[in-house]
Ligand SMILES: Nc1ncnc2c1ncn2[C@@H]1O[C@H](COP(=O)(O)OP(=O)(O)O)[C@@H](O)[C@H]1O
Ligand SMILES: N[C@@H](CCOP(=O)(O)O)C(=O)O
C-alpha cells in the first residue's frame, strides 16, 4: 500500500463549559487552524516547523510543539517511528484565550499522523487518544466531530458522545481580550471537591441548558447559563468580567459565560441582536482599558477536515 505523503488538516476552535457544562459540554466554532504535513525523504531534524497567521511568533517551532507532540504520540501508539516531516501551521484561533487552541493542535497532529500512517485508527480511537492528551473531552470532541457535543464515560470507561441540538436562532458571540490565561493556571484555582447543593445546582442547570439550546426558550436559557463549578473561582482572573457581563445582558443577550477556561467571554444571543451584543461587549471591555475583538460567530457543523 502506498502511504500518503501529504495532508492538510483543518481544525475548528471550540467553546466549552457554556456555563454549567464544566469538562463535558463543548461546541465547535467558525474559526480554524490549518496544519499541513509533508513527508520528507531527508532532514537533519525530525520536524521542520513554520507558523504563520495570528500570534505566530508565540508558537514553538521545535519538537516540543504540541501539534508535533500529538503527531509523534500517534506513531508511538502504533509502535512505529514517526516519519521525517515538514509541518506548516496557519493560525486563525487565538492562543490561550479559552477557544481551544491546544485542542486544535492535538487533533491536528493526531489526524495528520493517522493520514500519513494510512489511516489505521478509527475516529473513536483518535478521540480517546486526544482526550487523554488534553485531559478533558469538551474541546477535542467537538473539534474532531463538529457541532455541540456532550461527552461522558460509559460503564467501561469509553467515551459516550451525544450531539446536542442547537437552535439556529441562538448565536455564540465572543469577546476575545488581548491578554492570555493558560488553561493549566485557570484549573489550579478550582477546588478539589464540591458541596451537594453546588452539584445539584449544576445538574439542574445543565439539563435546562440542553433543553434551552434545543428550543431557544429564552427563560430557560437565561436561567441555565449559571454555574457553581468553575466560574465563581475564575471570574476574578478576568479583569472586566462584571462590566462585560452587564453590557451583554443589557444589550439583550440570554447570558454571558466564560469560554472554556477564559479569558474570552461568550454571550448567547438571539440572531437578531447578536451584532449589537458584540458591540456592547467590546465597548464595555475597552472602557476598562483592554483591547478586544468581538464577533458573532456560528457553530461549525463539520469538525476536523482533511485534504490529501
Ligand atoms: N496551533 C498550535 N500549534 C502548536 N501548539 C499550539 C497551537 N495552539 C496552541 N498551542 C499550544 O497550546 C497552548 C495554549 O493552550 P491552553 O492554555 O490550553 O489554551 P487554549 O484555551 O487556547 O487551548 C499554547 O501556549 C501552545 O503551547
Ligand atoms: N473544561 C476545560 C476547558 C478548557 O478550555 P480551553 O479552551 O480554555 O483550553 C476547563 O474549563 O478547564
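Placed from the backbone N, Cα and C atoms, the Cβ positions cover glycine too.
TrEMBL labels come from automatic prediction, so no person has curated them.
For 65-147, the entry in TrEMBL reads domain 'GHMP kinase N-terminal'. Taken from TrEMBL, the feature ATP binding site applies to 94, 95, 96, 97, 98, 99, 100, 101, 102, 103, 104. Sequence annotations record features per position, and here TrEMBL assigns domain 'GHMP kinase C-terminal' to 220-286.
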Surrounding CB atoms that lie within 10 Å of the CB of residue 102 (ATP binding site), all protein chains: 24
Cβ within 8 Å of the mean position of the Cβ atoms of 94, 95, 96, 97, 98, 99, 100, 101, 102, 103, 104: remaining residues of the chain near ATP: 13, 93, 260
Of 94, 96, 100, 104, binding-site residues neighbouring ligand 2, Cβ under 6 A: 100
Contacting binding-site residues, sequence order - 94, 96, 98, 100, 102 vs ligand 1, Cβ under 6 Å: 96, 98, 100, 102
Helix-strand-coil residue split for the domain 'GHMP kinase C-terminal' (220-286), DSSP-based: 35 helix, 10 strand, 22 coil
Greatest C-beta neighbour count within 10 angstroms, which of the binding-site residues 94, 100: 100
